[in-house]
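Novice: I am attaching a structure below and will ask some questions about it afterwards.
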């Protein structure tokens, strides 16, 4: 045993060891969507898509929030008689880059794929709902 009380402490140099393990990615493995349009062009597309939806104010209406695969969010007013296919067309009009991609529409909780696009929003129980777009 040696006496080192009168010496200054020098921290030993640590050795660098790079990470060699493997990571586990959480969530779906959907590809990253690249947004190539400018914000002004995107706003113009969303306004055009919104005006393409014919709303009859004499009939009951609902707001649908759509969470897009690219991280964006759209909110649109629909009549109860509008169909799920109208929501798909709205998304493609609002984001033209989505027309070339295949995607499904799903509810949030419980997660359920909206496979029958001929259903009305009322039949599908989507009044004031949040819909999530998933790329396939």
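Counting begins at 1 with the first residue displayed.
A Cβ is built for glycine as well, from the same backbone N, Cα and C atoms used for every other residue.
Pasting the relevant annotations from TrEMBL:
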COMPBIAS  1-11  compositional bias 'Basic and acidic residues'
REGION    1-56  region 'Disordered'
COMPBIAS  26-53  compositional bias 'Polar residues'
DOMAIN    57-134  domain 'UBX'
Novice: Counting by DSSP secondary structure, give me helix, strand and coil numbers for the domain 'UBX' (57-134).
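Specialist: Counting residues per DSSP class in the domain 'UBX' (57-134), I get 16 helix, 27 strand, 35 coil.
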Novice: Per DSSP, what is the helix/strand/coil residue tally across the compositional bias 'Basic and acidic residues' (1-11)?
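Specialist: Final tally across the stretch: 0 helix, 0 strand, 11 coil.
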Novice: Take every residue in the domain 'UBX' (57-134), average their pLDDT values, and give the whole-number result.
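Specialist: Taking every residue of the domain 'UBX' (57-134) together, the mean pLDDT is 89.
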